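Per TrEMBL, the feature active site, charge relay system maps to SER217, ASP310, HIS345. Taken from TrEMBL, the feature domain 'BAAT/Acyl-CoA thioester hydrolase C-terminal' applies to 189-382.
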Amino acid sequence: MQLRPGRAGALVDSPDGVLLTGAPPGADVTIEATLDLCGRSWSCTGTYVADRDGEVDTAADASSGGTYSGTDPFGLFWSVTLDAPYDWSLLHPMRVVLRATCEDAVVQTSYARPVLGDGVGEHQVSEPGVVGRLFLPPRASRGVILLGGSVPGPGLPATGALLAGHGVAALSLAYWGFPGTLDVLRDVDVETVGRAADWLRAQDGIDDVPPCVVGASRGSELALLAAALMPDKLGPVASLVGSGVAWGAFGEGTDVLETAWRYDGEPVAQMAEDEDDPGACLDDASMVAAAEIPLERATGPVLLLSAEDDAMWPSARLSRIAEARAEREGAGDRVVHVAYPDAGHFCTTPPGFPIISDQALRNGGSRAGNQGARLDAWRRLLDHVGGAR
């Protein structure tokens, strides 16, 4: 028997499966993948039946047991549930040891699934008003600005690295909790994104057109505000498990009634959240109306991806506020909203990474529901920002 792990250099988000050849036709085959990422190790397994040619292709053949079932080219990489988060910002390659067992025969091979693709350049950015990590593809492309939420530092670096691997220049922008930025998410100037857009367009290898902007969780508020209030500076906008209303400050020593976002030196209207019952204010129609982000002012297409079982905050309900506002103000034709029914707060992370356990960070959804959402969300995001698939 022989194991072939797919294309050399295929990225973590690649749907390349594992091909086993030389097994007896109709025989039961177990394939185990032992993976190491950021110093954490885990194993995933699948059980298959060899076809009449003695082959198993995990991209096309269903697993009937192990840590996942059904047909999923990523099944051997995500289907163990980790008991604690790992550091997404390190961008270490996922190292894989494959072991296949069929009757008395055992074969083994190893390889790596990188996060940074061949030819992708990573650069630390520390310019006046622009701080973060820039990921450049080998050829000139449009830019995208990535904004994280309650996690401080450069936003969504793994997403940025993978987008660059798909041909999109990505700036993971830091706007709080990182050297050269604010200590907490409080009094953040929306113009921070506009400065980043101007800077990005001026870089070699990046098209001189308004960049896309993508925000996750709390970062979605900043992304939507920037696209709405500075439509000449930004193109397509995406909100990942985000909100169509603005909320208050976040971080150590802050109060939720303090200002999170400012524009032109003035506080952006926000929800007056009760920390004992944070969802109650969403039933106050007048408060919601005052805190709505004027999404209709954005000139580019808008993608809203949310989770119906989001246990961090009600992202589906919050995204419907944005969707309804755009429809009411005559901009509904530019907005696409997809709410994933059995998914939680991390359902828009790129596929190919393991799913974090609810015991470590309760985020909602089932394992299968989150994985299905991740596959669809990643495809939609790549299309939205112009990435190659």
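For all residues, glycine too, the Cβ spot is worked out from N, Cα and C.
ASP310 (active site, charge relay system) has a Cβ environment of 25 other Cβ atoms inside 10 Å. Around the Cβ of HIS345 (active site, charge relay system), 26 further Cβ atoms fall within 10 Å across all displayed protein chains. Cα of ASP310 (active site, charge relay system) to Cα of HIS345 (active site, charge relay system): a distance of 5 Å. Note: the Cα of HIS345 (active site, charge relay system) and the Cα of SER217 (active site, charge relay system) are spaced 8 Å from each other.
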